[in-house]
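Trainee: Next up is a structure, given as structure tokens.
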Amino acid sequence: MAASDAQTDKSQSAQDAEPTTGDKHQTDHESSEAKRAKTQRQTTLEETIDDEKPHKDEKEQEPSSQPQDVSQDAERPSEEKNVPSSVLEKGIFYFFVRGRVGIDDIQKVDDVARSFLILRPISKDAKLGDGTLDDSGTSRLIALPKKVLPTSGKDRFMVFVEKASASYEELKKTFLDSDDYETKTAGTRHTPAATPVGQGVYALTTTGRESHLAYIKTLPEKLGDVQTKLGLKDQGSFILSTKNPKHGGPANAHLPQSPDFPEEIIEEFRSLRWLPSRPEHLNYPNAQFVLIGESSGLEKAVEPQEEDQKDGKEEPQEVLDHLEEEDLERMRHLPGDESESLFADLHARAKDYPDLQTTF
């Protein structure tokens, strides 16, 4: 944890938003308006009772605000038959920020202490149906020390795996929840709960020489000032490379411990400083990666490979588009507003956390 706090922030220039997927979102315009209305009512109600919030042990006695049918797993394995070999992994991502100590209401990027991505992989041959995703215990928590996502090739940001093979319960207790603690010099200090700023689908792809992390945003419906300043677009991609733990680096990018890579991964590095990232690299805490922005959007990340085309496989773009459509439909059927849908997917109660934030 101390390693990421030691990183120095650099100002980032916002890039113009890429062509949006708004047409797909507009098919649900009425329900989106209803969801926004719910959000406004909920926020107003919570503000009026903020000082009367029960203690944690009392909260456990309250009815859950999660969808009632949480037993139905949305993941439908073995229903995608033509996934190309260039798609190494696909899944759902969640983008969170946490305010600095004592700052619950984030008003600007400088108020953000840390940013994180949660990657929840699903089977490559799976489709998404109705319901929430089961707690597979395979989620990764990726720390973004620079707080923002890279938006162009000039942006090369180090990121690392904070937690791997994490359950939703573990993520709630060690990451999402707020915390109060005592210090000798400053008394009680308050670490605010994590604030959601986005959700979407992702695919880790390979072109042979490079690996790419491509994504399409599904929540919020419309990008706000928060998303723009944090570098989240309607869709985008990054080059993703894994750092050889045997090689040193800048002092401000050094972690106290190295990842416990198995020998077969270490041998792949040979004398190389970097390897194109693979899904298994993400399964080890303290694994470090460089995330390089791609101003061309998804173009390079979803380039079809000749072998897959010969075998009649889907193109990577189709895989990502189908996953986006399925996730939009799935989230549309979950009860509540955007915040409630997002937290329901993480088996958490939206009322215990800040709303999905789009404006400062």
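Note: Cβ is positioned from N, Cα and C throughout, glycine not excepted.
OK, TrEMBL features for this one:
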- 1-15: compositional bias 'Polar residues' (COMPBIAS)
- 1-83: region 'Disordered' (REGION)
- 21-36: compositional bias 'Basic and acidic residues' (COMPBIAS)
- 51-62: compositional bias 'Basic and acidic residues' (COMPBIAS)
- 73-82: compositional bias 'Basic and acidic residues' (COMPBIAS)
- 299-337: region 'Disordered' (REGION)
- 310-322: compositional bias 'Basic and acidic residues' (COMPBIAS)
Trainee: For the compositional bias 'Basic and acidic residues' (73-82), how many residues does DSSP put in helix, in strand and in coil?
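Mentor: Computed counts for the compositional bias 'Basic and acidic residues' (73-82) are 0 helix, 3 strand, 7 coil.
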Trainee: Go ahead and report the DSSP secondary structure tallies for the compositional bias 'Basic and acidic residues' (310-322): helix first, then strand, then coil.
Mentor: 8 helix, 0 strand, 5 coil
